[in-house]
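Marked as Zn(2+) 1 binding site by Swiss-Prot on the basis of experimental evidence: Cys37, Cys40, Cys57, Cys60. Look at Swiss-Prot and you will find Cys52, His54, Cys72, Cys75 tagged as Zn(2+) 2 binding site, backed by experimental evidence. Per Swiss-Prot, Zn(2+) 3 binding site is recorded for Cys100, Cys103, His115, Cys119, and the stated evidence type is experimental evidence. According to Swiss-Prot, the compositional bias 'Polar residues' annotation covers 1-10. The annotation N-myristoyl glycine is assigned in Swiss-Prot to Gly2. Here Swiss-Prot flags 109-113 as region 'Interaction with the RING-type zinc finger'.
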Amino acid sequence: MGSVLSTDSGKSAPASATARALERRRDPELPVTSFDCAVCLEVLHQPVRTRCGHVFCRSCIATSLKNNKWTCPYCRAYLPSEGVPATDVAKRMKSEYKNCAECDTLVCLSEMRAHIRTCQKYIDKYGPLQELEETAARCVCPFCQRELYEDSLLDHCITHHRSERRPVFCPLCRLIPDENPSSFSGSLIRHLQVSHTLFYDDFIDFNIIEEALIRRVLDRSLLEYVNHSNTT
């Protein structure tokens with residue numbers, strides 16, 4: 001997949017990742033497997049696949065998207081969300097084995113992160129493994145009760161619940177202080193596009209935006225009329 005460090009935000013990768021990146025660049029023949037994350041340069045942990053097809057650690061891509069204005073840290077393609085779990089990769093990792101680069105112990109790839117956290121040779125060389133901070137808030141899909149990152153909810157609903165018509169409460173409204181989630185009971189996808197969208201240009205129907213604006217203008221006019229009537 002390549003080893004690409006994200007520096008647009010001015011925030012550096014963990015020290016251990018930086019050290020390994022410099023070492024790999026000095027040795028161009030060192031192979032980088034498809035199980036390496038291009039952000040932290042370690043074996044994948046909870047792999048997710050982005051819309052552009054690249055696979056990263058879940059916490060790495062979530063943090064990278066927040067810091068780099070929603071672009072893929074590998075190919076710079078626009079991404080509306082962190083992607084979906086790469087279950088095929090996770091399954092393969094459970095049956096693949098690799099020698100630890102530092103102590104040469106044969107380790108299952110799905111357990112490699114746990115191994116290097118305690119590998120003394122790794123710690124002596126790079127310091128303790130540092131995971132990128134995971135800052136995205138989490139919510140629960142009201143249709144299937146799956147726990148998601150808030151930025152993945154729209155993608156998830158479009159993919160799995162496009163035909164749903166039953167009224168539900170918006171889980172993102174519950175995350176906003178002083179917001180009343182009981183005030184919403186319409187199409188969740190439309191509501192997310194209109195009320196909770198910052199970078200979902202590919203999914204936006206501008207007719208929906210126009211409807212929402214007209215509705216807001218009418219609501220404001222009605223409120224002004226009621227207030228005026230009460231004062232006269």
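Numbering starts at 1 and runs along the chain as displayed.
A Cβ is built for glycine as well, from the same backbone N, Cα and C atoms used for every other residue.
Long-range contacts of the region 'Interaction with the RING-type zinc finger' (109-113) within the same chain, counting only residues at least 6 positions beyond its ends with a Cβ under 8 Å from a Cβ of the stretch, are 35, 42-45, 90, 92-94, 96-98, 100, 129. Cα separation, Cys57 (Zn(2+) 1 binding site) to Cys75 (Zn(2+) 2 binding site), rounded: 16 Å. Cα separation, His115 (Zn(2+) 3 binding site) to Cys75 (Zn(2+) 2 binding site), rounded: 30 Å.
Using a 10 Å Cβ-Cβ cutoff, Cys72 (Zn(2+) 2 binding site) registers 23 neighbours. All protein chains considered, the CB of Cys100 (Zn(2+) 3 binding site) has 16 other CB atoms within 10 Å.
The Zn(2+) 3 site is defined by Cys100, Cys103, His115, Cys119, and by the 8 Å test on Cβ atoms against their centroid, the other residues of the chain that qualify are Ala101, Glu102, Asp104, Thr105, Val107, Met112, Ile116, Thr118, Lys121, Tyr122.
Cys100 (Zn(2+) 3 binding site) and Cys37 (Zn(2+) 1 binding site) are 16 Å apart (CA-CA, integer value).
Comparing C-alpha positions, Cys119 (Zn(2+) 3 binding site) sits nearest to Cys40 among the binding-site residues Cys40, Cys52, Cys60, Cys72. The least crowded of the binding-site residues His54, His115, judged by other CB atoms within 10 A of its own CB, is His115. In terms of local Cβ density within 10 Å, Cys60 ranks first among the binding-site residues Cys60, Cys103, Cys119.
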